[in-house]
Every structure is written in C-alpha cells, then in structure tokens.
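Below you'll find the structure, written out as structure tokens, and then a few comments.
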2 protein chains.
Amino acid sequence: MEYRKIKDEDNDGGTLSNDIENLRGIGFSGVASVSNVPQREQAKWKRKTVVTVALTFLTSSQAILIVWSKRAGKYEYSVTTANFLVETLKCALSLAALARIWKSEGVTEDNRLSTTLDEVIVYPIPALLYLVKNLLQYYIFAYVDAPGYQILKNLNIISTGVLYRIILKKKLSDIQWAAFILLCAGCTTAQLNSRSDHVLQTSLPGWIMAIVMALLSGFAGVYTEAIIKKRPSRNINVQNFWLYIFGMAFNAIAILIQDFDAVMNKGFFHGYSIITTLMILNHALSGIAVSMVMKYADNIVKVYSTSVAMLLTAVVSVFLFGFNLTLAFFLGATVVSVSVYLHSAGKLQR
Amino acid sequence: MEYRKIKDEDNDGGTLSNDIENLRGIGFSGVASVSNVPQREQAKWKRKTVVTVALTFLTSSQAILIVWSKRAGKYEYSVTTANFLVETLKCALSLAALARIWKSEGVTEDNRLSTTLDEVIVYPIPALLYLVKNLLQYYIFAYVDAPGYQILKNLNIISTGVLYRIILKKKLSDIQWAAFILLCAGCTTAQLNSRSDHVLQTSLPGWIMAIVMALLSGFAGVYTEAIIKKRPSRNINVQNFWLYIFGMAFNAIAILIQDFDAVMNKGFFHGYSIITTLMILNHALSGIAVSMVMKYADNIVKVYSTSVAMLLTAVVSVFLFGFNLTLAFFLGATVVSVSVYLHSAGKLQR
C-alpha cells in the first residue's frame, strides 16, 4: 500500500493555461483547410480517449499488483530506491521517445531538450508538494487508522475539482459539479466496510491534516496541468523529461536521508522480486499516462479515470483473488456510473 | 414495523390522465385575464409545496412514532382494527371538509358526494393491489430477512418511476432519470448496516417476489394518481371519500378473516395506548397528505418526499433516541440531496 504513493510523484509544477491549446488547435486548422477541422477534432478526441483508457487500465492493474504482492508475502525492498527507479525509467522512456522523434522530424524549437530558466523553474514545485504530503502521511496515522485514511483520501476528488476551478479558471457546469460530488460519495461508498465508521471519530487535527493533504495532492495535480498546458506546442516528452529529472533528484535525496545505511549494507536491489519489477514498470507507465492525460485532457478526466479504475480493480479481484463484492460496492459503483454519465451530459455549451 | 403498511393503503385505483389538470389550468387563466396567470401559477406552486412539506413531516413523524412505540414495549393491539380506524378517520375528515365547503360554496357538480358507476368503479383497484402486496409480504420473509426486506423496498422507487412513465405517459428528462436512479441508490446507502450484505444472497424466488411487490406498490400509487387526476375539477375530498370508503370495506373484511376471535374475546380496542392513538391519527393525516400530493403534484414528488422524510427521521432520531449516524448515512444523504437538486435542475423545458 505504501508503494502507491510513488504514482503521485509523476506530477510536477508550473503556471496558468486557459485553454491556449484549444485556441492554437482552432488557429492551426483554420489556416490549413476547413475540411481538416473535423479530422483534427476527431484525432484530438481519439488521442484523449487512448490516454484516458491507458491510465484507467494501468491504474487498475497497479492496484491488482499491490494486492498480489501482499498475498505473495512481505517484500523488504526499499521504497525510496523503487521510487528512484520509477523516475529513472520514466526519464529513459521519455528520452527514447524523443530520440525517435528527432530522427524522423529533426530537432525543432518545440522538441529540443535544452530549456530556459523561465521554463524550467516551476518544474520542481509539484515534486516538492508531494514531498510535504508524503511527510504528513507518516504523521496522519497517529490520528487515523489505515482504512480511515483510505476513506479520507477521497477528499482528493473534491480538492482537485475546487483547485481546478480556482487555479486553472476552467468552468464546470452545475450538473458537472453535482456529478463531481457524486463521484466522491460514490467512490467512498464503494469502499465502505464494517470498520469505515471509525473515520467519523477522527479528531480535529486528523481532519485538518487530511484536508491539507488533499489540498497538497490536488494542488500538485492542477499545477502540473498548468505547467504542461502553458506551452501547448512543446513536445510532451521534453516536458516529461524535465518533470522526471526533478523526481529523480528528490528521490535520490530521499534515499540518502532515509535508506542510505540499508542500501550500503544490503545493496540497492535488496528484496526486489519479479512483482517489484512489474510494479516499477507499471508505475512508470502509469506516470507517463498521467502526464499524457494532463496534456491532452485534464485533471477532471484523470480523477474520473482513476475512480473507474478503482471499480474495475474490485471487479477483477473477484475473479483473480475470490474477493466478495459488497452491496455498498454495487451502490457506490452505480453512483459513480451515473456521475460519469452526468459529467458528459452536463457539458457546458461552448 | 408491521404498522407501516397501513400508510400504503391510502392510494386507490383509476385510468389515464395526461396532464388534463395542466391543460385546464392554462385554459381557465387564459379565459379570465392575463395578469391572473402568474398569480394562479404561484397559488398552484404554493399548494404543491404545502402538501409536499406536510407529507414529508407526517411521514418522518410516523417513523419516529414507530421507533417510540417499539422502545415503549410491545403493544398487543390488532393491526387490522387499527387499519380500519385509520380508514374511518380519513373518511370522517374528508366528510368534515366537504361539509364546510358545502356550507360556504353550496353543493355543486364538482363537490357533490353522489357519483356514477363509471366514476367509482376504478376506486377499489389500488386497495385490491395493496391487499395482494400485503399477502405477499407474509411469504417473502421465507426468503428475505427483515433488514434485507427494508433494503429491497427501495425497488419501489424504480418501479414507481418506470410505471409513472408507462401508465401516466409523463416524461422525465435524462437528467431526471439519472436523479431517480441516484435516489434509489442513495436511500439504500443511507440504510446500510453490517447485516445488509445478506440481501445479495437472496434467492431467485425472493428477488421475483420483491420485484412483484415493488411493481404492485408502484402500480397502486400511479393508478391512484390516474384516478384522481382524471377528473381534475372534482373536489379532492369527494375523491378521497370514495377511496377511503373502499379502504374501510377491505379492512372490515380483513378483521373478519384474521382477527374476528380476538376482537370478540378481548374487544375492538384491546391493547390500544396513547401511542397507538397517535399513530392512527398520524397515518390518517399522512394518508390524506398522499392523496393531496397525487392531486396537486405527482408520484415522483411523493417518492422524493418520503425519501427525504427517511433522512429527516434518522437525524431527528439522533436527538430523540441517541441513535448514531453512520458514514453510510452521510454518503446516502449526500447522494439523495444531489438527486433532489438534479431532479429540479433537469426539468424538461416545456
């Protein structure tokens, strides 16, 4: 479960966007030819769908790997080295993608790796936000138990929606806001179990920490979208490279602080197994998928995607691990499904 | 808990309506004067609100009386005699209201008590439907336990919506359908407890009976609305009188069949207490409120009203009986609230 937090770290920081991408898209197709407009729109929609579906499947297989690794026994690998490898792998994959593009298209203003201080200065901010959030994570368990924390994490949904509205200044319709509240309620309902009611006894400091953590996580996500969308024509692989390079740096520092002795005595890869390797691979790919969703869709799509992944995971676990689905799960899944429908039915007319 | 079923019996049967009332309302105000239109609309809206609020409060106080009577100990009164008294009281109240109207307005075509076979022939049908449903109620407990039955009763919400659409041919917008599914999911979520999952083990005959009962109950409600709305200018108290007279007749038969010996040996009022009296009074008033909602609003409003009443009851019970609210209750209440909002936000443009 602890491993899960790695996934969060593939988002890093930036400034405001305001649909620059949309404007450019329209501009380009206007210059080219009128008949290209629907084709371009279709291509954009297709790309958005592909990255969203990829994120959904990667996130749910991620959760299944976590269950699998728990069932297989405890692995004594160092979480910080695994996090570092995830960032490194993401960096390597971005560079590989760039190399292919350079070969076919040549180096241009948009896909060159070199950057300006003005562009790169905001990139470490989300990584820093996650660092603070992960630090808080150790303290919150003094106030909330693990199942309670799992429930409180759904506050992320609300904080992402609110910060998306405030920071990116994007509007959701009233129906879409209603859908977003339902998404949060539905996800929480689907996760209810006999011990969930403990969470109502959470003390004030516990609530405050949970809300602060939700805000940090939501802020990091929204900030990443702002960074990536600020330069819509910039190649996503270059943007990813810079996001992940700071991820590597922060995780290297974490290894030095937390696990230096263990790594020195037992080795960097101590306790790694085939499942650990699969998890690292999965986290790297879903990290890249998150970046793609930020580039071609938005944080709202990301939240829906990971919520649907949570439901998929539960259904798949029935077949893989013989889990039982509860009535609460069916009710929560119904509410989430209606929420997905309402989000699309409630689209603002532009 | 058994007593609860009385409430259902204040709905009886009829034919189709198709917004005759709406058409007439527009016709009348058109004839009168243009400036009267908003006033008439406002008066209609006010009346609709008053009867809906009345139904909500009567339904929730009804549930509170049930809890109170359970806490106060078991009462060995006969349920059939209580049901009979509820119908009699409703009849008496309708007659009293009519007497006042006759005094002030005189006897007219619309408020005279005498009727035609054509008008009255459909009135016993809903009462008969409830009789069949109540008979089934005894058998379903062979397949489902009491908490499970409480959960399955929420199928009434869906059956009412579907039959409302099919029989009354009234349209709900897509958003309103989504809201209706949420209402059902939210009410069920709010009632979840540790034993709720048993309901998933319900066998096929149990499911079939639950669905048939939901259809009977929904059909009776929708049919009552059709009867009452078929003659929109007919005074509601006359319509109620005829509905309740058949209620009295059916309950008299029930006394003869089920409780004849007990009534003969121990007396008609054996086991009655102050709470029993209050419950009879409450059931009579909420029965009349249901008829009013059918006349001035519709079955959809009735379902929302009783669902919100369920939530109010739970909140009031916290103060009255020291009940604890569960996390599931808060989540269900959130979903129901969003559903109420969506039902109104999703109104079809006419």
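Count begins at 1; order follows the chain as displayed.
Just so you know, glycine gets a Cβ as well, placed from its N, Cα and C.
Just so you know, TrEMBL annotations are computer predictions that nobody has curated.
Quick look at what TrEMBL annotates:
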TRANSMEM  A:49-68  transmembrane segment
TRANSMEM  A:80-99  transmembrane segment
TRANSMEM  A:120-141  transmembrane segment
TRANSMEM  A:147-168  transmembrane segment
TRANSMEM  A:175-192  transmembrane segment
TRANSMEM  A:204-228  transmembrane segment
TRANSMEM  A:240-257  transmembrane segment
TRANSMEM  A:269-291  transmembrane segment
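Long-range contacts of the transmembrane segment (A:147-168) within the same chain, counting only residues at least 6 positions beyond its ends with a Cβ under 8 Å from a Cβ of the stretch, are 16-18, 140-141, 177, 180-181, 183-184, 187-188, 191-193, 195-196, 198-199, 202, 210-211, 214-215, 217-219, 221-223, 225-226, 298-300, 302-303, 307.
Listed stretches A:49-68, A:120-141, A:269-291 were compared with the transmembrane segment (A:204-228); the greatest number of C-beta pairs under 8 angstroms is found for A:120-141.
Under 8 Å from some Cβ of the transmembrane segment (A:269-291) lie the Cβ atoms of residues 3, 6-7, 9-11, 51, 54-55, 58-59, 61-62, 65-66, 68-69, 72, 75-78, 81-82, 85-86, 89-90, 93-94, 224, 228, 236, 239-240, 243-244, 262-263, 302, all in the same chain and six or more residues away from its ends.
At the 8 Å Cβ threshold, with sequence separation of at least 6, the transmembrane segment (A:240-257) comes into contact with the transmembrane segment (A:120-141) through 3 or more pairs. Through the fold, the transmembrane segment (A:175-192) approaches residues 150-151, 154-155, 157-158, 161, 300, 303-304, 307, 310-311, 314, 326, 328-329, 331-336, 338-340, 342-343, 345-348 of its own chain, all at least 6 residues removed from its boundaries and within a Cβ separation under 8 Å.
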